[in-house]
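J.: Mind having a look at this structure? Questions to follow.
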Amino acid sequence: MGASNNVVGLSLAMVSSAFIGASFILKKKGLRRAGKSGARAGVGGYTYLLEPLWWAGMITMLLGEAANFVAYVFAPAVLVTPLGALSIIVSSVLAHFMLKERLQRLAILGCLSCIVGSIVIVIHAPQERTPTSVQEIWDLATQPAFLAYAGSALVLVIALVLHFEPRYGQTNILIYLGICSLMGSLTVVSIKAIGIAVKLTLEGINQVAYPQTWLFVTVAIVCVVSQLNYLNKALDTFNTAIVSPIYYVMFTTLTIVASAIMFKDWSGQTISSIVSEFCGLLTILSGTVLLHTAREQEIATASASGVSWQVDRASAISWYISIGTDDLLKNVEEDYFVALQSSG
């Protein structure tokens, strides 16, 4: 039963990555079309709301997020969360063919690293036993080990928000991303609990009457709102090309740790299997960093060159306009970041 659940979860996670990766391309093409007929989104325009391609991208992304949500019901976070990196591969490959954005050798190496790491994790993924009631999930959430993790996470978040953010939030990227990642790990375990409750209810075992179900819903809402708030602060303060890989590494690591403690993902596994999973995770994280490094180099190269405007053919005078501002870099990279916040 555990093996079949893992297959379902794996399939949903891969479908989710494909949909989310494709959604970035559809949205980007929609934004380009909208920019030709009105103000660009990067300068405050909203003409993209009238562009069918952009809406197709949004619907595709929502379908991908829904598939990712359901994947957590069937498979452990150590299997589902790292596979979110595959959406970056999908968007990079599609961008190469559909948007004519050149796929550099470093990006190809990053894609291969993500694929190899994903295969290793899939092969060695633990077989998770699905809880049979919300009460059972609540018992897992109130075990001393997870209470210690959740309590430590909340203490760290409070310290970061009250003490470190006012002093170092604008200069140290780890402040905002630390808050996002810690809250994100609690978001994933709460969403997994909600998903299991919905699944059991649809199977005829009503979980709506349990107060624990609504407590998990409340925790998920609070964590998601907090996570998005500080993620937006990070994106507004720092370059997205830097935010993306750091956030992915922190979020993925903490999510796997939280899920392993609460749901005992590694219970019954051999040391070699656990080590192999960590090696696969490190390979995926390295591939993600390579992908974003390649993307950053591409933007830096484009920023270094100017846009030449011929003013007077006779005198051959050209004017060069620099396009290397931080705000523009953030706008260019914005679509490529969202792929790492869904895994969770």
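Cβ atoms are placed via backbone N, Cα and C, with glycine included.
The following feature annotations were taken from TrEMBL:
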TRANSMEM  6-26  transmembrane segment
TRANSMEM  46-63  transmembrane segment
TRANSMEM  69-94  transmembrane segment
TRANSMEM  106-125  transmembrane segment
TRANSMEM  145-162  transmembrane segment
TRANSMEM  174-197  transmembrane segment
TRANSMEM  209-230  transmembrane segment
TRANSMEM  242-263  transmembrane segment
TRANSMEM  269-291  transmembrane segment
J.: Run the contact check on the transmembrane segment (6-26) against the transmembrane segment (69-94): 3 or more C-beta pairs under 8 Å, excluding pairs closer than 6 in sequence.
T.: yes
J.: At least three Cβ pairs under 8 Å linking the transmembrane segment (269-291) and the transmembrane segment (106-125), pairs spaced 6 or more in sequence?
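T.: Stretch pair touches.
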J.: With pairs 6 or more apart in sequence, are the transmembrane segment (145-162) and the transmembrane segment (69-94) linked by at least 3 Cβ pairs under 8 Å?
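T.: Output no: the transmembrane segment (145-162) is apart from the transmembrane segment (69-94).
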J.: Going along the chain, which residues at least six beyond the ends of the transmembrane segment (174-197) come within the CB cut-off of under 8 Å?
T.: 69-70, 72-73, 77, 81, 130-131, 134, 137, 141, 150, 153, 156-157, 160-161, 164-165, 168, 207-208, 210, 213, 216-217, 219-220, 223-224, 226-227, 230-231, 233-234, 237-238, 243, 246-247, 250-251, 253-255, 257-259, 262-263, 341, 344
